[in-house]
Each structure stands twice: as structure tokens, then as C-alpha cells.
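Q: Just dropping this structure here.
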Amino acid sequence: MSDTQTDNQQNDSQNATQHVFEAEVAQLLNLVTHSLYSNSDIFVRELVSNASDACDKLRFEATSDDSLYEEDGELKVRIDVDTDAKTITFIDNGIGMSEADAIENLGTIAKSGTKAFLEQLSESQKQDGQLIGQFGVGFYSGFIVADTISVESRKAGEPADQGVRWISDGTGKFTTETITKDSRGTSITLHLKEEYTEGEDNYLDRNKIKSLVNKYSDHISLPIQMRKEVWQEDVKEEGDDSDTPVGGQMVVTDEWETINKASALWTRSSSEIEDEEYTEFYKNISYDFQDPLAWTHNRVEGRVQYTQLLYIPAKAPFDLYAREQQHGLKLYVKRVFIMDDAEQLLPMYLRFVKGVIDSADLPLNVSREILQESRDVKSIRDGNARRVLTLLASLANSEDADKQEKFKQFYSEFGDVIKEGLGEDMTNQARIAKLLRYATSTHEGLETGFEDYKARMKDGQKAIYYLTAENLAAAKNSPQLELFKKKGIEVILMTSRVDEWAMNFLHEFEGTPLQNIAKGAVDLGDLQDEAEKEEAKKAEENLKPVVDKLKTALGDRAKDVQVSTRLVDSPACLVVGEGELTPQMVQMLKQMGQEVPDIKPTLEVNPNHPLIQKLETSEQFDDLAQVIFDQALLADGGQLDDPAAYLKRVNELLLK
Ligand SMILES: Nc1ncnc2c1ncn2[C@@H]1O[C@H](COP(=O)(O)OP(=O)(O)OP(=O)(O)O)[C@@H](O)[C@H]1O
């Protein structure tokens with residue numbers, strides 16, 4: 001033992017070993033105490049939830065070895081308040097911890113996502129309690145209110161003398177020692193900081209603790225008990241004849257009483273559950289401080305029977321796009337907790353959904369591997385996806401302004417993620433497509449769906465036109481858009497990075513083809529009249545010598561050179577074939593470090609533009625040809641392979 005220890009309790013023991021917290025834990029503890037003080041209540045929820053998890057784990061292990069119950073099969077959580085010692089203790093008879101477990105579980109952060117999150121946080125984000133709370137501070141939340149935490153635990157199935165005592169003041173170190181503990185499970189004692197023992201934040205007030213348990217942990221399916229308090233009348237001393245009224249007081253007895261309803265929320269009928277209960281349950285399982293945006297709760301009967309309670313969060317988590325992002329669904333089998341993050345229960349593009357699935361059919365010893373192959377699980381996953389999409393559609397299509405607002409909020413947080421579903425979930429592709437919203441060349445906000453667009457289509461218009469670009473400004477100024485603007489045809493402007501990839505999978509919407517206006521030939525069908533077609537044909541013939549010369553000058557930079565019908569103001573633009581990657585997509589893939597096939601675009605030139613007309617007689621034909629090509633590439637959001645050469649040419653041309 002180190003002789004530098006100052007804590008009395010630690011000095012009491014001669015056998016304790018001192019340990020240093022993993023660097024990330026020390027950092028997390030610092031954040032917890034500095035950012036979460038205004039949410040100090042959450043320690044009750046976190047510690048009760050850990051105690052309940054520990055009981056769930058025991059129940060699960062005991063399905064294959066019921067001797068682990070040690071003849072104490074009544075799992076419960078107890079909260080004991082000691083006003084003299086100024087402590088509050090959370091006691092469970094769950095799975096318990098060995099000394100090695102305690103060192104590992106309470107001294108390190110197991111989740112790599114949490115570590116990555118900590119590294120990413122900026123200084124100002126570190127002050128943001130909402131953000132910190134988002135990933136679950138769990139056990140460490142105790143240090144918001146306690147200056148010392150002492151944990152005593154004994155693992156189920158281990159002998160009584162293999163207990164552990166873990167103590168820390170939450171600064172940088174903790175000690176552990178072996179103790180004898182007759183009862184299985186864990187008791188966690190918080191030595192409250194002075195400011196939490198009086199006034200508004202007095203956690204020694206039993207009623208306060210009770211109301212917090214009711215608020216946060218009512219859904220916990222185990223009994224949560226506190227010591228019973230009874231009213232005791234003061235009895236007059238014998239012979240006391242004075243008129244002094246006899247008072248009375250509440251006294252704490254040795255008896256325990258259950259203070260929660262102890263019924264898993266999702267097992268109750270939705271008509272009996274208040275919105276607040278749903279909201280609190282969500283906060284419990286998601287570590288989100290904010291209310292969820294919406295939820296759906298159903299008992300599904302049929303070949304596979306299960307209960308689904310699915311929530312849509314109001315805000316995207318920080319790691320929405322991280323590969324190892326945790327999934328939010330907890331799996332229960334007949335109310336027995338089986339696992340967190342059951343990723344097989346939802347398709348990837350709905351990974352932000354949180355909630356609970358309770359299956360009546362899956363075996364209790366189901367593993368992740370079994371889940372992967374199970375037909376029942378597939379059917380649950382399909383059912384979940386359908387439900388979430390139905391819920392979203394009900395928000396999107398509602399007449400109710402509040403719901404519409406919710407859908408907008410949902411879309412700004414998760415719109416890009418559900419687009420992944422176009423490629424991932426062919427069965428629901430049409431339902432997903434209905435939820436998508438974009439800006440268009442005539443409506444700027446992110447609010448036009450394909451249905452809205454179709455309703456506004458011009459007479460004779462046969463396709464839904466869209467354009468992908470880096471951002472809205474680039475889309476609006478794209479040369480590809482010129483003809484459409486001139487003719488007053490609305491074009492959907494897609495500016496998210498996933499759009500082009502996602503649109504590869506969506507070729508039509510309710511029978512109307514979707515056409516990327518930067519790909520293939522523009523075919524405006526009936527929207528172009530005969531005179532225009534005739535004119536275009538003539539222009540093509542007239543410009544043939546220039547076009548041929550351009551082909552030679554550009555060599556293998558361009559697959560082809562053609563006279564354009566889509567340009568009005570710009571001299572040229574690049575187009576790629578149907579099914580080929582646009583320059584932005586090529587660039588995005590390159591940035592992601594992917595090998596990209598060498599795609600040659602076609603250069604389209606505007607026969608009416610003075611620069612193109614000037615080409616015919618230009619003495620600097622080759623330089624001008626290269627500059628026109630480079631400019632078309634730039635306008636399309638592409639990048640020049642040799643910017644210096646481009647500048648040199650432009651400068652020389654300017655000097656002429
Ligand atoms: N009452 C308890 N009984 C047994 N083990 C516990 C108990 N409390 C905490 N632990 C162990 O300590 C670990 C860390 O707890 P902590 O609350 O920090 O994180 P967590 O519960 O794993 O994650 P989260 O709180 O984000 O769900 C737990 O995973 C568990 O192994």
C-alpha cells in the first residue's frame with residue numbers, strides 16, 4: 001500500500017492495493033463532476049439501473065446454473081439512507097464482482113466508442129452536460145454528489161471470503177482489498193458531499209429519493225426497496241398533566257418496502273401508459289437528456305410474437321456515422337434481459353432508433369451468432385423497420401403543425417442516414433423514397449418530396465429531374481441547370497454527400513423515372529418543341545469542324561465532345577453516361593481513399609456562346625480548348641489535376 005494515502009478509510013485497511021484510474025476514466029470523472037452538477041439527480045437512475053442490470057445478468061447466467069442463486073432467488077435492489085453517516089447505499093443481490101472485475105469495470109472504460117468520443121470533445125463541448133450525458137456516465141455519475149464511493153461486492157458462485165472492497169475519492173486513484181461478504185451482489189455507498197446533505201439537493205431526504213426512483217426507475221422490473229417509515233405518536237410521560245400537545249414523528253424501521261411498480265413498462269398496455277412514463281423510460285435506456293421525438297409501442301402477434309417499443313431521438317448521436325456505433329435496441333426474452341445493442345433487430349439505416357424488443361419465442365440462451373441466422377429475428381427486423389417507417393410517414397403526412405415540425409427536425413438530424421436505406425432495404429425502398437425531402441431550383445427549403453415535385457410537374461414532363469452537387473450554391477449555379485431554368489422546369493437539387501450514391505438505387509418514383517440531368521443525354525421529350533430540335537440539329541452540323549478539332553485537342557481527357565442542348569449561359573459543361581460516376585462522386589471516393597476507375601466525361605459545348613464561336617477562328621485553339629474543359633470541370637465541383645498549368649494558360653489568354 002502506498003504511504004501517501006490520505007483518505008481515512010483507506011488508511012484503516014492495511015491490505016488495500018492502490019490503483020490508478022486509466023487516463024480516460026480520470027478525464028471522464030473530471031468531466032462528470034464539472035459538467036453534470038446541474039443534473040445531479042441522474043446518479044439515482046444510473047446506480048439503480050446498474051443494480052438492475054447486475055440482477056438481469058445473474059438471472060441470465062442462472063438459466064444454465066441455478067446454484068448461482070445460492071438459495072436467494074428473489075432479486076431486488078435496495079436503497080438505504082443513513083442520515084448520521086451522510087451516506088446513501090445502493091444494494092443489489094445480482095451477479096456481483098470479483099476483485100479483478102472491480103478493477104476492470106470500475107477503473108477502465110471498456111467501450112472504445114466512449115474513448116473516441118472523449119478524444120474528440122472540444123473544450124466548450126466538455127461543458128455541455130447534454131453531450132456528456134449522451135453516452136452514459138453510468139457508475140461514475142456517483143461522483144457528482146459523493147466525495148468518496150465505497151463499493152463492496154461478491155460475485156455469485158464465489159466463496160464469501162472472495163469479496164472485494166473498492167474505494168475511491170474520484171480524483172485519480174482507487175484502492176481494492178479482499179473482504180469477506182456473506183451476501184452475494186454489490187453494495188455501493190456514496191459519502192455525500194456537504195452541499196448534497198441539506199437544502200434543495202438533500203439526497204438524505206428519503207422522500208426525494210423515492211420520488212426520483214418513481215420518476216426515473218419505475219419501469220425497472222425488479223422490486224426497488226427502501227426502509228419503511230412509520231408514524232410514531234409521542235406518548236405522554238406518566239404523570240404529565242401539562243397542556244403541551246403531544247407531537248409525533250416519522251421513524252425509520254428495519255422493515256423494507258417496495259417503492260416502485262416493478263412492472264416492465266413495455267409489458268403494460270399502451271393505453272395505460274402516460275407520455276411522461278414513455279419519456280422517462282426513453283431517457284433511461286438512451287442516456288439522452290432530451291425527450292424523444294416520437295415513439296411506437298406495439299404487441300405484434302403472428303408467426304413470431306414480440307413486443308416492440310421503438311423511439312426516435314430528437315438529436316443525432318455524435319457517432320452516427322462511426323462504424324462501431326452502438327445500436328440502441330435492447331433485447332429481452334419473456335422479460336429477461338438478453339443483450340444491449342442487438343444490431344440484428346434493425347437495418348443499419350435505422351441505427352439511431354432506440355428501444356426494447358421483448359420476444360416470446362426466442363430461446364433464452366440466444367447468442368449474437370444465433371440472432372444472425374434466425375428467421376424469427378429477420379421477421380422481427382422487418383417488422384421493426386416497417387413500424388419505424390410508418391411512424392415517420394405519419395409525422396410527415398400529418399396535418400398537425402406540431403407533427404410536421406417534428407418530421408422536419410427528424411429529417412435535419414437523420415435524413416442522410418435513411419437515404420442509405422434506398423440501397424440497403426429494397427423491400428421498403430418506395431416507403432423510404434416517400435420520406436425524402438430536398439431543395440429544388442424553385443423551392444429553396446429542404447421540404448420538397450418526390451410526391452410534391454410530381455404534383456408540380458409541367459404538362460408533358462415525363463421524368464423527375466435532379467442534380468447532385470457539393471452544396472446548394474454550386475447546384476443553383478450549375479451549367480446543367482440552365483436550360484431547365486429557361487424553360488421553367490423544376491429540378492431537385494441534391495446536395496448531401498450520400499445523394500449520388502443513394503440515387504444509384506432509385507430509378508423511379510411511383511412510375512415516373514428519375515433522371516440526373518448531368519448524366520446522359522437531356523431528353524425533355526414533349527417539353528422541347530420541333531423548332532428547337534431543328535435548331536439544335538443545325539447547330540450541330542455547323543459546329544462539326546470545331547467539335548472535331550476539340551476532340552483532337554483534348555485527346556484522352558474527354559470521352560467525346562458534343563454540341564449541347566442543355567446550356568444557355570455557360571460555354572461548356574461535362575456530362576457522364578448513365579450509370580457512370582460524376583466528377584464530385586469521383587472526388588468523394590478518392591477522398592475516402594477508394595480506388596476509382598478512370599472515368600472520362602463528355603464535354604458538351606454551347607453553340608450560342610461567344611467563346612465557343614470564337615474557337616473557330618482562334619489562334620490559341622489548343623489553350624482555349626483546355627481552359628474550357630478545365631472550367632467545365634471546376635463548375636461541376638471537380639478538381640484540376642494540374643491547377644498551375646490552368647492558371648498559366650488563363651493568364652496567357654488574358655494578355656492577348
Ligand atoms: N451493481 C453492480 N453490480 C455488478 N457490476 C456492476 C455494478 N455496477 C457497475 N458494475 C460493473 O461496472 C461496469 C461499469 O459500469 P458503468 O455504469 O460505468 O457502465 P455500464 O453500465 O457498462 O455502461 P452504461 O452505464 O453506459 O450502460 C458495468 O458494466 C458492470 O460490469
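Any Cβ shown, glycine's included, is placed from N, Cα and C.
No curator has checked TrEMBL annotations; they are predicted automatically.
Annotations per TrEMBL:
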{"type": "REGION", "residues": "1-368", "note": "region 'A'"}
{"type": "DOMAIN", "residues": "39-196", "note": "domain 'Histidine kinase/HSP90-like ATPase'"}
{"type": "BINDING", "residues": "Glu46, Asn50, Asp92, Met97, Asn105, 111-113, 134-139, Thr186, Arg368", "note": "ATP binding site"}
{"type": "REGION", "residues": "588-656", "note": "region 'C'"}
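Surface or core, plus neighbours and distances: that's what I need for these features.
A: According to DSSP, Asn105 (ATP binding site) sits within a helical segment.
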Q: Inside 10 Å of the Cβ of Asp92 (ATP binding site), count up the other Cβ atoms and send me the figure.
A: 28
Q: Ranked by the number of other Cβ atoms within 10 Å of their own Cβ, which of the binding-site residues Asn105, Thr186 ranks first?
A: Thr186
Q: Sort Thr186 (ATP binding site) into helix, strand or coil using the DSSP assignment.
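A: Assignment for Thr186 (ATP binding site) reads strand.
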Q: What kind of secondary structure is Asp92 (ATP binding site) part of, going by DSSP in three states?
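A: Note: Asp92 (ATP binding site) is in a strand by DSSP.
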